[in-house]
Structure formats: structure tokens, C-alpha cells
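Only one structure is covered here, and it is reproduced in the block below.
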Amino acid sequence: ILSMGNYKLAFFHLLTHALFKALLFMCAGAIIHNLKDTQDIRFMGNLMVHMPLTCVCLNISNLALCGMPFLAGFYSKDLILEVVSMDFINIIIFLLFFVSTGLTVCYSFRLCYYSITGDFNFYSLHSLNDEGWIMLKSMLAMLMFVIFSGSMLMWLIFPTPIMICLPMELKMLALFVSVIGAWVGYELAKFSVSWVSSSLKFYSYSYFFGFMWFMPNISTFSMNYIPLMLSYNLFK
């Protein structure tokens, strides 16, 4: 958007994105801390029972990230897609905008599914709670900004409304892509290699996607291996 010359729209998107992303990371940090530093979302089923306020804040910020109507992310994301649809740009750039929107809804809906539904798959002995009120007060204050800041920032940054003139097909394309992304995220959340015995043929694919495309090997294990082995040999 910035490269297309829409610096005001890029700044508006940056501000709204910062608000719900900050809340999202605060909620994720609280959940990871309560789950003994476990970051695997497959352990996080049915969190609404154990951490209701944190889970509500997490999912509202997640919906704002998806571009849920009238939350903070909706105003900038919808306006960006409409401006892109009105502009004379390359078809590859056009597809990248909408595919990235669908993928965002996909992984966000998958996180919502794992945090709300399903069975709690962590240890039977746990101490999940919503008693960290210092953190909760900050999250609830941020929640108000996530709900109301989108419209207020839009009135402040764009005092004159932007004229959008699109055919109905392009106008509904963002909604269609979001629905498809939510459906794909739901199907991925239900996916299991243990559905049928023959599904073990796809174990390598499941391992690849479940292991974050080998990112731990590249970014974590490879960097930690040498200092950990050095300290092991020094203190052995």
C-alpha cells in the first residue's frame, strides 16, 4: 500500500494493526505462561472454561485480525482491498492481496477453534486461571481500543470519506475469500493423521506442516546447539 502512494492508508492500517496485535500477543503470552511455556496449540483445547476473560480477549483480537466487521481491523483491511480493487495494478499483486487475506482468516479461525472447542489436552494437574489482574486490566483496556478505535481513527485520519465505486463481484470478493479461508482453517483444525489406518501414509506431510515448515530446526535448534553443547562439555 505504501509503494502505491497511499501513505495515509498505510499509516491507518499500521495503527489499527498495532492495537489488536498488542492485545493478541498479551493474551498469547498469558496463555503460554499458564501452560508452562508450551506453545503447541493442540494442548489448548477448551480454554474458555479455564481462562474465560483471556480467551474472550484473544478471540476478539483474532476476529479483528480477520477483518470482522466493525472491529478495528475491518476498517483498514476492507478499505485496502477496495482501493486495490479500484487501482490498475498487476494481476499477481491483486491475487497476493486477496490470497494473503484468506490465509490470515485461515490460521486465525484455526486458533479460535483450538482455543474454544475440543478437549483440554494438557496435564490433568494444572493451575490455569484468570487471577493475574494486573495483566487482565491491561488486556480489558486494550479490548476497548480494539472494538472502538477503528472508526475513531478513520474519522481522524480521513475527515473526507474515500469514494469507492466497484461492481458487486469485486465488492463481495473480500467476504468470499474470508469465508473460504475460515472453512479451510476449520478443516485444518479437524485434520488428524489417526482418522483411518491408511492416513499414516501422509505422516511426512503432517509432520512437515505440524513442525512449522522446519522453522525450529533453522531458527532455534541450529542456533542453540553449539552454546548448549559447549556449556555441557564445560560443566560435565
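Numbering starts at 1 and runs along the chain as displayed.
Placement of Cβ uses the backbone N, Cα and C atoms for every residue, glycine included.
Since this is a predicted model, take the numbers as computed values, not measurements.
Annotation comment: TrEMBL describes 4-104 as domain 'NADH:quinone oxidoreductase/Mrp antiporter transmembrane'. Counting residues per DSSP class in helix, strand and coil order gives 79 helix, 0 strand, 22 coil for the domain 'NADH:quinone oxidoreductase/Mrp antiporter transmembrane' (4-104).
Per TrEMBL, domain 'NADH dehydrogenase subunit 5 C-terminal' is recorded for 107-236.
Summarising the annotation, TrEMBL assigns transmembrane segment to 12-31 (among others).
Annotation comment: TrEMBL describes 51-76 (among others) as transmembrane segment. Among residues of the same chain six or more beyond the transmembrane segment (51-76), those with a C-beta under 8 A of the stretch's C-beta atoms are 9, 12-13, 16-17, 19-21, 23-24, 26-28, 30-31, 34, 101, 104-105, 108-109, 111-112, 115-116, 128-130, 136, 139-140, 142-143, 145-147, 149-151, 153-154, 174, 178, 181-182.
The transmembrane segment annotation in TrEMBL covers 88-116 (among others). Residues 4, 31, 41-42, 44-48, 55, 58-59, 62-63, 65-67, 77, 80-81, 173-174, 177-178, 180-182, 184-186, 188-189 of the same chain lie 6+ residues outside the transmembrane segment (88-116) yet bring a C-beta within less than 8 angstroms of a C-beta in it.
Marked as transmembrane segment by TrEMBL: 136-158 (among others). With a threshold of 8 Å between CB atoms, the same-chain residues lying at least 6 positions outside the transmembrane segment (136-158) that come near it are 8, 11-12, 15-16, 19-20, 22-23, 26-27, 30, 53-54, 56-57, 60-61, 64, 70-76, 79, 130.
Cβ atoms under 8 Å from those of the transmembrane segment (170-186) belong to residues 66-67, 77-78, 81-82, 85, 98-99, 101-110, 113 of the same chain, restricted to positions at least 6 beyond its ends. According to TrEMBL, the transmembrane segment annotation covers 170-186 (among others).
What TrEMBL records for 206-226 (among others) is transmembrane segment.
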